[in-house]
Amino acid sequence: MIPYVLEWGSLLLRWLHVIAAMAWIGSSFFFMHLDASLRAAPDLPAARGGVGWQVHGGGFYEMRKYLVAPDFMPEELTWHKWQAYTTWISGFFLLVWIYYAQSSLYLVNPEVMALTGPQASAIGIGALAVGWLIYDRLCKSPLGNNETLLGLIGLAVIVAASYGFTLVFSGRGTLIHVGALMATWMAGNVFMVIIPNQRKVVASLMAGEAPDPALGKQAKQRSTHNNYLTLPAVLLMLSNHYPVLYANPAVIPPIVFLITISGALIRHFYNVRHFDHAKSPWWVWATVAVALWLTFWIAMASSPTGRAQLGLAATPAAVSTAAAHTSPPANVVEIVTSRCAMCHAADPVWDGIQISPKGVLLDTPAHIARQAEAINLQAVVSRAMPPNNITEMTADERLALAAWLRSATN
Ligand code: HEC
């Protein structure tokens with residue numbers, strides 16, 4: 001019963017989380033684009049705002065932005081905040097649901113640190129809270145006046161955090177926590193700065209006073225940070241499906257560094273382009289291509305078989321679909337059935353697993369042969385499976401799998 005509830009809860013939470021995030025990111029992109037497209041109008045000089053026209057869904061929209069505030073308070077005002085709050089709250093529950101409630105599968109790797117579930121959860125939640133405090137202080141310090149410097153320091157904090165997480169968590173748990181840290185900065189910006197500042201502006205207007213322009217500036221700074229963090233955060237949220245990214249904790253910090261600058265630069269391209277097409281910073285794409293290529297290379301070179309394929313190590317270990325047609329030898333069947341099949345069977349016997357995870361069956365020679373590529377990826381190239389090596393697969397056994405996969409290609 002409980003595994004079913006866990007699966008369904010995870011499905012429903014993820015559904016909510018993805019939808020809320022789409023709404024939040026959608027509005028973030030929309031407003032950045034809108035801001036960039038505004039032009040000064042006779043009754044609204046650039047110092048006070050701007051005007052832009054849009055066409056959508058059968059109608060024309062005249063968008064007017066009043067910097068700081070309009071002269072009068074409109075009767076109805078739409079606030080953009082629940083997309084952000086819902087995203088963070090559902091994401092937090094999803095983190096608790098998957099990583100804290102099922103920590104031995106996803107978060108704790110005893111070879112890194114033998115934490116109990118509650119210890120690991122406390123470290124995770126504590127790190128998110130401390131991470132927010134550090135970021136918020138940095139923005140409010142004099143550094144906050146220098147956008148570029150602040151961005152570089154923020155990047156350094158992210159990379160340092162990723163290193164810190166590798167010392168306590170599994171690789172997978174590390175990447176999800178780096179993503180959660182970024183997401184916490186983003187939601188915290190909305191909850192602690194953008195919305196409160198906006199409320200103060202509205203209150204001043206109601207009281208007939210001139211609002212403080214610094215409030216609007218602070219809010220814009222945080223909303224710009226959110227925009228630049230969006231793409232890296234989304235990639236980190238998806239990283240748990242890609243063991244190639246987290247297979248080797250030693251290279252997680254450089255991978256996080258490269259992913260973060262790539263995502264931020266892609267946003268930069270569009271932010272500048274939407275302002276003025278002629279000024280599109282095309283160099284961004286060359287830089288991103290190099291950064292992503294480096295990420296690929298670092299990830300590959302950090303795995304023993306990947307190194308061999310790059311010609312950096314002696315043992316060649318190529319795999320091809322030919323493996324799927326080869327019946328695995330007895331020792332391979334023995335290894336896989338004793339280390340994997342307790343979970344990956346039609347009727348799993350592992351406590352807490354009731355349905356074969358991801359539908360992957362590894363209980364008969366035919367099933368094992370069919371999953372040759374997946375076994376290579378999950379248990380040889382990376383050590384994603386068994387989860388946190390929970391069934392204690394040995395290095396020799398992984399080598400035996402590699403030898404089988406290699407021979408299967410000849
Ligand atoms: C303790 C239970 C358990 C054991 C033992 C186990 N797995 Fe898994 N496996 C899982 C779970 C849980 C998932 C789903 C992970 C997720 O949700 O991302 C999974 C997913 C997979 C996937 C699918 C990955 C994907 O994202 O498509 C493959 C392939 C796989 N395991 C192979 C193996 C191999 C090979 C072994 C043995 C070396 C093994 N597993 C041992 C629990 C187990």
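Heads up, the Cβ atoms here are built off N, Cα and C, so glycines get one too.
Per TrEMBL, these features apply:
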DOMAIN    324-409  domain 'Cytochrome c'
TRANSMEM  12-32  transmembrane segment
TRANSMEM  82-100  transmembrane segment
TRANSMEM  112-135  transmembrane segment
TRANSMEM  147-169  transmembrane segment
TRANSMEM  175-195  transmembrane segment
TRANSMEM  251-270  transmembrane segment
TRANSMEM  282-300  transmembrane segment
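Counting residues 6+ beyond its ends, the transmembrane segment (82-100) has Cβ neighbours under 8 Å at 6, 9-10, 13-14, 16-17, 20-21, 23-24, 26-27, 106-107, 117, 120-121, 124, 173, 176, 180, 183-184, 186-187, 190-191, 237 in the same chain.
The recorded stretches the transmembrane segment (175-195) and the transmembrane segment (112-135) share 3+ CB pairs below 8 A when only pairs 6 or more apart in sequence are counted, and are therefore in contact.
Long-range Cβ contacts of the transmembrane segment (12-32) within its own chain (Cβ-Cβ under 8 Å, at least 6 residues beyond either end) map to 80, 83-84, 86-87, 90-91, 93-94, 97, 223-224, 226-227, 230, 234, 270-271, 274.
Beyond the transmembrane segment (251-270), the same-chain residues lying 6 or more positions past its ends with a Cβ under 8 Å from any Cβ of the stretch are 29, 32-33, 151, 155, 158-160, 162-163, 165-166, 171, 174-175, 178, 227-236, 245, 280-282, 284-285, 287-288, 291-292, 294-295, 298-299, 302. Shown for the domain 'Cytochrome c' (324-409): DSSP residue counts in helix, strand and coil, namely 49 helix, 0 strand, 37 coil. Mean pLDDT, taken over the domain 'Cytochrome c' (324-409), works out to 87 on the 0 to 100 scale.
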